[in-house]
Amino acid sequence: MSLVPWLILGINASTRSSIGHLMILLTLQNLGSAMADVVVDAMIAEAVQFEKASFAGDLQSLSWLSMAFGGVCGSLLGGYALTNLEIDIIFLLFSILPAIQLFSCGLVEESSMGGEVLSDFCISSDSHHLNGKANDLDEDSSLEKKSNVSTRKRKKIQKKSKKTQLTRRKAQTLSPGKGESLPLLWFQSLKYATYNLCRAFKQPMILRPMAWFFLAHVTVPNLSTVMFYYQTEFLKLEASFLGTVRVIGWLGLMLGTFTYNQYLKKMKLRRILALTHIGLAFLNLFDVILVSRTNVAFGVSDKTLVLCGSALSDAVNQFKFMPFLILSGQLCPPGIEGTLFALFMSINNFGSTVGSFVGAGLASILNISSGSFDNLLLGINIQLFCTFIPVVLLFLIPKEATGIA
């Protein structure tokens, strides 16, 4: 799905001039890229489960360092292609990478996990709870003569045992069986995965951290689009320079990933996230200085300030995103890693989208628009204040959680 649209756009000139055809082909291309991304995320989440917590940070860091390196190369090659090549040749070049990705799929070894892994997960939490209670029963039975508390506990444990047996029967009912038709197996597998997905997502250890990461986006207005127009229309920064800023941003992402994996991954998660938002608030001062034109008074050029702000903001943002990726990978139960991890990423992306809408609403209220930046400084100050709101909500993050566990 990612390969064919680029070939069609490169070969057929009429599709490039039709808005309808262009939208359909680009939608298919992005859909294919998203599906491939989900598969990659599932493989990483499964590897995190297999390798346990000690290598979780290394796996995610390797993934993001590779993506950042690809982003640097893609930005440089894209700038060169736009300057020296025709558009049809560029589209054909775009098809090379999906083709390489397609052929590389043959190098990936995989095996069906079947329904047993999902069944184990469906009863794992109840079984773990029962085992813990059973140990308490053994201890209480030795003290039966001293107190009648053990009798009440045995009754509770019997109820828990019956509840676990009912859960096991339900899991066996929902799990796909053998010797059934393929469509029926697919339907039962989908129904079973949906059941496990809803059951897993309701757990507080999953729901509360995901709620924090969502609220961390929603409570901070995103004014990046307004700042882009300010840089291009008011500061008159060239498109080529903004492309250089993107490359510097990718390098900052690589620096942030490396720094996190080397020095921060064993730190308490609450502390990492609190320091990250304090750092983001400090970096917002770069925008305050840029919009207020204070940098001109000290002889600092606009380009220098924009480059430094872009590199540092991407690096610091990675300190918040890396724990999200690692925590999401570890929370994914066996058998539905791809689905649940994709849900986590969707929540994160949806929060980012809502934050952009909040930023657009703030810009509308303050009458900030293209060509009218009188209240932009006030908007940035409001954004600076809102950056501290997620710090207040850190009670949603597990207290003892670290960057790798």
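Cβ atoms are placed via backbone N, Cα and C, with glycine included.
Unlike curated entries, TrEMBL annotations are predicted automatically.
Taken from TrEMBL, the feature compositional bias 'Basic residues' applies to 151-171.
Residues annotated as region 'Disordered' in TrEMBL: 136-176.
The signal peptide annotation in TrEMBL covers 1-36.
Here the transmembrane segment (62-83) has long-range neighbours at 40, 44, 89-90, 93, 240, 243, 246-247, 250-251, 253-254, 257-258, 318, 322, 325, meaning same-chain residues at least 6 beyond its ends whose C-beta is under 8 angstroms from one of its own. The transmembrane segment annotation in TrEMBL covers 62-83 (among others).
Here the transmembrane segment (211-229) has Cβ contacts under 8 Å with residues 242, 273, 277, 287, 320, 324, 347-348, 350-352, 354-356, 358-363, 368, 370, 373, 376, 379-380, 382-383, 386-387, 389-390, 393-394, 396-397 of the same chain, all six or more residues outside its ends. The transmembrane segment annotation in TrEMBL covers 211-229 (among others).
Counting only same-chain residues 6+ beyond the ends of the transmembrane segment (241-260), those with a CB under 8 A from a CB of the stretch are 57, 61, 64-65, 68-69, 71-72, 75-76, 78-79, 228, 231-232, 303, 306-307, 310-319, 322, 403. Sequence annotations record features per position, and here TrEMBL assigns transmembrane segment to 241-260 (among others).
Within the same chain, residues 212, 216, 227, 230, 235, 264, 302, 305-306, 308-309, 312-313, 316-317, 319-320, 323, 373, 376-377, 380-381, 383-384, 387-388, 390-391, 394, 397, 403 sit at least 6 positions outside the transmembrane segment (272-291) and bring their C-beta atoms closer than 8 Å to a C-beta of that stretch. Positions annotated as transmembrane segment by TrEMBL: 272-291 (among others).
Residues or ranges marked as transmembrane segment in TrEMBL: 350-370 (among others). Sequence-remote contacts of a segment are chain residues at least 6 beyond its ends whose Cβ falls under 8 Å from one of its Cβ atoms, and for the transmembrane segment (350-370) they are 213-226, 229, 233, 376, 378-379, 382-383.
Below 8 angstroms of C-beta separation, residues 208-209, 211-212, 215-216, 219-221, 223, 226, 230, 269-270, 273-274, 277-278, 280-281, 284-285, 287-288, 291-292, 359, 362-363, 366, 368 of the same chain, each at least six residues beyond the ends of the transmembrane segment (376-397), sit close to that stretch. Residues or ranges marked as transmembrane segment by TrEMBL: 376-397 (among others).
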